[in-house]
Each structure stands twice: as C-alpha cells, then as structure tokens.
Amino acid sequence: VVEEQRPVTPPKYQVREPPYLHSRFMEQMAERERQREEDLRRREQEEEDSRVAELEKPPPDELWGYRLHAWALVRPGPGRDDVEEPFFLEPATGFRHDIAYPGYHRVESVWNHVNYWVNVQQRAAAADTCEGTDFDLVDLGKWEHFLAGEPAEWRRGPDPDSRADLLDEEPAEDEEVLAEKHLDMPASWVPRLDVQHAVYEKRYPGCSKTIFYKKAKVEKFAPYLNKDGLVKRVTVYSDYEHAQPLSLTEHYENRADCLERIKKVLVDGSATDYFRRGREDACKEHQYIVAENSLDSPRTLRFYDVARNDGLEQLEMDAEHLTETFRGRNDHLQHRRVHFLGPDTEDLASGKRRPILKITEKFERNAELDADRDIAEREFLLNDNKILLKFHYGMGKLTAATREFTKPARVDRGRWLNFSADLVTSYEAGGKPMKQVELLMLLQEQLEAEEKTMYHVRQIEDELSNFLRMRVVEVAMPRLQVSLFDEERNEKAKKGLREREQRLLEEEAREVEAEVDFLAPYMARLGNPDSLSSTQALAMRDDCLSDFKRQYVNRAQQMQNRFETEKERLQELNRWYEENQERLAPEQEDNYFEETRKLDFLLHTLQIRLERHRDLAPQRYLALEACLRADPRLSILY
C-alpha cells in the first residue's frame, strides 16, 4: 500500500526575522578599506622581499659555468626497481638532486667500472641546467663510448630499427666481443677506504665543525667530545653579521637524564627542555624562565602520562595557581586547579607552605552513573569552609543539579558525622531528590576527597621541588651513558663482564648439585637402618608430611603477624599526623611522608608474599608427596 503524501501547508502564524539594523553601505566601505589596507601590506611585503633578495644576491662570478666538478649519477636499471628517473648525488654533502638542479650546468662525460662515455648531445643556447639531457648511454648518437669490446647488451645504435637484439644471441658470439676488446678500464688509483671506528667517531676535523648560514650558525660536535653530551648547537640571528642572537637550540646525546634538546628564546629568556622516555618522573617537556628557578616561578611540565600511575599529562605552576591535566584515570578526573594565597618570598625561603584558598576539579562523564549523581565539577572553598558540587547535564536537560555543603566543625567530625539539613543547599534538575542519608554519605565522601586532594597537592609541590633540585644537579654535573657495545669507551663494563663470567664459571665448576634428602632426619632417629618395616615406613612418611604442614602454617602465621603489626604502626602514625598536622615543621612532615611510604611498600610486599605462600602450598605438598613416593626406602608402602 502506497500512502499518498499530502502537501504540507505553512502555518498561519510565523515569527518574523528581526530587521537588519546595519548600514550595508557602511559595511561595503569598511570592506573596501580593509581590502585596500591588505593590498597595501602585500605590496609593501613584496617590495621588502625584493629588496632583501637583491641585497642577498651573490656578487657576479667570472668563472660561473666554467668550473669542473665530479658527482654521482644514478640511472634506472636491473637491481634498481625503485629508481624510475635518473638523479644526481652530491659526494661533498650526500644530498640527492634532480636532473634540473641549477648547481650542475652540463655533463661532459660519464664513467664507471665498465666504460667511459662522452656526451655528444647538442645543448640549447639558453640551457643552464642538465634538464633535457638524455642519459640513455646505449644510444651512440648521444653518448660516444671510449673503450671497445663492451658487453653485448650495450651494442645498440641510435636507430631503433637498426638495433640488433643481442640479448637472444648465442653465447659463442661473446668470443668475438672479447677479441675486439683490447683495453680495460683502469683500476682505481686509491686503495679501499678503511676507516677505523675511533676515527669515524670524530666525525669532523678537530671533532667539531661550524657552518654559517643566512642569519644562522650551526655548530656540530663529535659524540662524547663535550662533557654534557652536546652534539649540535643551532643559533638564529636577527642580522646578517651574526651579532644579535634570537634563539638557541642545543641537541644532546647519551645523556643519563634522558635530555635530548634545549630550546632557548634569548629575547624573553624562556627555555624548554625536551626529554626522551626513561626518566623516573616521566617528564617529557619542561618550559621555564631561565633567570627564575624558584618553586613559584611560572613553568609548565608535560609528562608521558602512560608512564605515570596518576595519569598526569601536564602541570602548570605560577605564583598563585597550580593546574594539572590528567588522562585515562579510573576516577574520570581530567582537570585540577589550585588557588594559593599569593607569593611570600620569606615564607618560601623558610620552607613554609603556601596557604590554599580554593581547589577546583573537573571530571569526565561516567556512563555507569546517572547524570544527576555523576559529579562534573567540584570546588573546595577552604576559606569559606564550603564544598560546591555541580553534576553533569542529563539527556535533554537545560540545567544541571548542584549541591553546596557547609563543612561541619572538626570537633563534630568524629566516627559519626553530625549532619543537619542546614549544612546543604541543593538544586534538582528534575531528577529524584537525595535522601538525608545519601546527603550524609555524599558529604562524608567529599570530606575524605578534600583531605586526599590536599595531600596530593602537597605531594606535587614536593615532587616539583625535588625535580628542580635534581635538574640543578643534572645541569651542573651531567652524566653520560656508554653503550655496552662501545668497545672504545666501555672498558670498565667489559672488564666487569669478563670478571663476572669468570666468577660464574668458577662457581659452576665448584658447585655440585646435591639432591635434598627429606628422610635423612627421620632415618637418623632410627639409626640409619638398611631397610624399613611397613610400620616404620608408614610412620616416617606421615611424620614428614605432618612436619611439612606444620612448618608451612607457622610461616604463614609469622607473615600474618608481621603484616598486622606494621599495619597498626601505620595507623598510629596516621593518627599522630592528623592530630599534629597544623604544628609540624617541614622536616617533620617530610619524615612522616617518607616513613608512610616505606610502610606502604612493606605492607604491599608482605601481602604479596603471603598470597604467594598460600597459593603454592598445595603444589609444594603434592611435590613432596611425589618425592616420597619415588624414594626407594619407602617402596614397601607402594
């Protein structure tokens, strides 16, 4: 059934478009003026470019086009399927150039290990490059060979119709070719180049080279020549006399701190350090002001976020703010901005912390939660003693739900939080309102999140401070890495490797692997008899298995007791810190953080050992039982 489409009638009442209250004449005049200014700027730029090009034009060369030079020609042929068109290679630089490159005016001759060819092609009077030259060396009308008796595949005349297809000729005709060949290409007048690795590592005469360009200078150095690993320095100038530098780029190799490049802008004093992967802090870039090296000076750090546990991608710091950008976190946090009270040089010099005024966090959408329960933005107003929450927008909603909590006093934050409706101000965007229990739990979560965030901010400040101190040491005393395969420089590593191999060989020669006798103590109790009765064998097997079980249980109990002891110690340390947090000196706080870090690592290690001990118990018991079953002294039982 085909439904007939009815014509759509326009509605009777429609909203009129607002009137256009601008002068079209004035707009045309403004556009004309803008176009005139743009044309004027373009003409001025073209005139300036022409003037600069005229000034940079080299002086007339009387020997232009008369100098002789030798370079390499690469032609298409067998074994060179990737070469479709002939091209040149400049041996002095190693660069590739097309046939029309203006640096080459004419090719007079070509030679290789087979023959020598002279170019007999007529050159156009206005031609100033090799463009138009045919490099088909088998064409005798364009190239004249010098030696007779060349291979048969080269014997073709200029007329395609008169060229003999010698590729299908009989092998006997090669004797005629060899009979005509009375000369050979002379051998090379230089011996085969043999460059030692130590000489090759020098790269340049004197291990360094300086090249001047237009408004630029490039300095190249051999690896390991400079103690800081500098291999290249590029300086850009504002004048042609190379007197006023604008920027400086330094390239490094073999640095232990993974430094690859430093780019400095000399005009504003800024610098950017670039690092490769491998640093413990996973730093990728560090942008800063060279003259300012304090904690509150403006700087930006970028990290390899996949190499960090917290997913930190970028960190920006100045006197009053700290901004973090995250990626790929499980809690969907993507942005955090911390507002400080302001710079105080005396407090920073004495080691005091900058007071925090506000912390703002932004989260990505979590598809597993409802929009009115998924936090989009969170603010901790420490001075106002408030917590502001803004949730994500729901589908089809123009507004989002918000919560404003007033934090209760610390005396009311015991084991059970004293909560009242006066502590929260809510706005619902059409969703289901929260119950008082849910608000209580939400407030408790935010208070815990505030403490964790404050702790994290202080950790980031400590990490940044340690990073700056480490960079000062790395710049003042740079260390270079030496590859294990570097025979010239890694004598110490080679010597150590040889000593280690010799030591292992000696240990292997000394050691004699002996089998473990599980029944030796039980046999000693019986006086090491030659044979056992069935009763003795059964009792010995049961005693061995029961002793193994008892020892395994005792070891697990010891590890569990150690874990509980260290856990209680960590809890006591945390309670002490909460009670004395406001009165602690920076050194005491650093000692607390270091001690908690060690305890966390120890607890994690004990937990892994305990789990592994429990997982391997059945396997080891079965292995012991199989060993006893295979013992010939207990063969009477099986």
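Along the chain as shown, residues are numbered 1 onward.
Using N, Cα and C of the backbone, Cβ positions are placed for all residues, glycine too.
In TrEMBL, annotation is done automatically, which means it is predicted and not curated.
Over the coiled coil (549-580), the average per-residue pLDDT in this prediction is 89. TrEMBL lists 549-580 with the feature coiled coil.
If one looks beyond the compositional bias 'Basic and acidic residues' (29-57) by at least 6 residues along the same chain, the residues whose Cβ comes under 8 Å of a Cβ in the stretch are 214. TrEMBL lists 29-57 with the feature compositional bias 'Basic and acidic residues'.
Taken from TrEMBL, the feature domain 'Dynein regulatory complex subunit 7 MORN' applies to 205-483.
According to TrEMBL, the feature domain 'Dynein regulatory complex subunit 7 C-terminal' maps to 531-638.
Under the heading region 'Disordered', TrEMBL lists 1-20 (among others).
Each residue in the region 'Disordered' (26-57) gets a DSSP state, and the totals come to 31 helix, 0 strand, 1 coil. Per TrEMBL, the feature region 'Disordered' maps to 26-57 (among others).
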